[in-house]
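Feature list (source: TrEMBL):
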type	residues	note
DOMAIN	7-101	domain 'Aspartate/homoserine dehydrogenase NAD-binding'
BINDING	Ala112, Asn181	NAD(+) binding site
DOMAIN	161-245	domain 'Aspartate dehydrogenase'
ACT_SITE	His211	active site
Amino acid sequence: MKVGVIGAGSIGSVVATRLRAGAVPGVRLTGVAHSDPADPDGVPVLPFDELVAESELVVECAGQQALAALGPRVLDAGRDLLVVSVGALADQHLLDTLLAAGPGAVHLSTGAIGGLDLLAAAAAMGPLESVEIVTTKKPAGLVQPWMPEEQANRLREADAPVEVLRAPARTVTAAFPASANVAASVALAVGAWDTVEAAVVADPGAARTSHVITAEGPAGTYRFEINNHPSPRTPTSSRIVPYAVLSAIGGLANPRGVFR
Ligand SMILES: NC(=O)C1=CN([C@@H]2O[C@H](COP(=O)(O)OP(=O)(O)OC[C@H]3O[C@@H](n4cnc5c(N)ncnc54)[C@H](O)[C@@H]3O)[C@@H](O)[C@H]2O)C=CC1
Ligand SMILES: O=C([O-])CC(=O)C(=O)O
């Protein structure tokens with residue numbers, strides 16, 4: 001399978017480098033579409049249209065805005081799309097556009113978290129009564145352009161954990177586009193945006209990024225605690241994310257390879 005990557009930051013550069021090294025059987029890297037002038041670790045750079053033309057699967061690792069701008073074009077060209085910036089799908093208009101686009105198909109990366117399969121199964125049995133995801137990260141990466149200066153400074157100077165926002169998943173993922181895509185992943189897994197409450201906590205002492213997901217419903221009660229090392233390059237992203245992407249690519253390229 002020929003795979004192209006959009007974005008060569010902390011996630012895309014690892015995905016591209018590993019694919020180029022042959023880490024996923026049956027996959028060949030076509031290149032990366034990259035908006036930075038810097039050389040993305042020596043992987044071949046292609047203009048977006050060429051990347052799409054050369055690839056069977058295009059992997060978005062470039063952020064929510066890039067997904068909104070480029071995702072429909074990938075699908076309309078008949079290429080499949082693997083989405084990392086899942087939070088963009090909180091925008092119902094974009095979700096509808098992607099669903100209507102094609103003939104390419106959309107796949108979602110599990111990104112920084114897990115347990116989504118079990119949550120989806122639990123939701124299928126009957127509506128969940130409550131679902132919560134609490135994300136805790138170092139404060140620096142959580143400062144956002146929409147924050148009043150006073151709030152941004154309070155965050156930068158925090159010497160103890162601060163809950164920055166608690167709201168429905170749709171609101172939180174839009175407010176923290178590089179930090180709370182996971183809230184959207186949970187909402188999409190359980191198929192109920194309004195049931196999922198998300199919180200973002202800034203903790204100056206957080207050596208790892210944590211995501212604690214809890215859910216309750218007719219199937220049972222669930223709690224997943226994830227403590228990820230942050231990426232040294234882009235600390236808002238967990239280091240595991242490119243490997244979740246590679247795992248998803250492996251599954252798509254080798255649908256009969258479940259035992260390997
Ligand atoms: N689903 C999940 O669990 C997670 C999702 N993410 C998403 O992944 C995105 C990327 O994360 P990182 O690689 O850590 O960010 P990063 O900032 O290190 O890299 C993003 C790269 O994309 C490039 N880019 C932006 N717009 C582009 C465009 N239109 N065309 C080509 N390249 C473009 C930028 O120049 C940059 O090099 C985040 O913004 C976030 O939305 C990140 C972490 C977890
Ligand atoms: O990488 C993480 O831990 C989560 C993240 O940035 C996101 O969901 O956008």
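One-based numbering along the chain as shown.
Just so it is clear, glycine is given a Cβ too, placed from its N, Cα and C backbone atoms.
All TrEMBL annotations are machine predictions without curation.
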Secondary structure of Ala112 (NAD(+) binding site) (DSSP, helix/strand/coil): coil
Integer Å distance between the CA atoms belonging to Asn181 (NAD(+) binding site) and His211 (active site): 11
Sequence-ordered recorded positions from Ala112, Asn181, His211 with Cβ under 6 Å of an atom of ligand 1: Ala112, Asn181
Summary of DSSP states over the domain 'Aspartate dehydrogenase' (161-245), given as helix, strand and coil counts: 25 helix, 34 strand, 26 coil
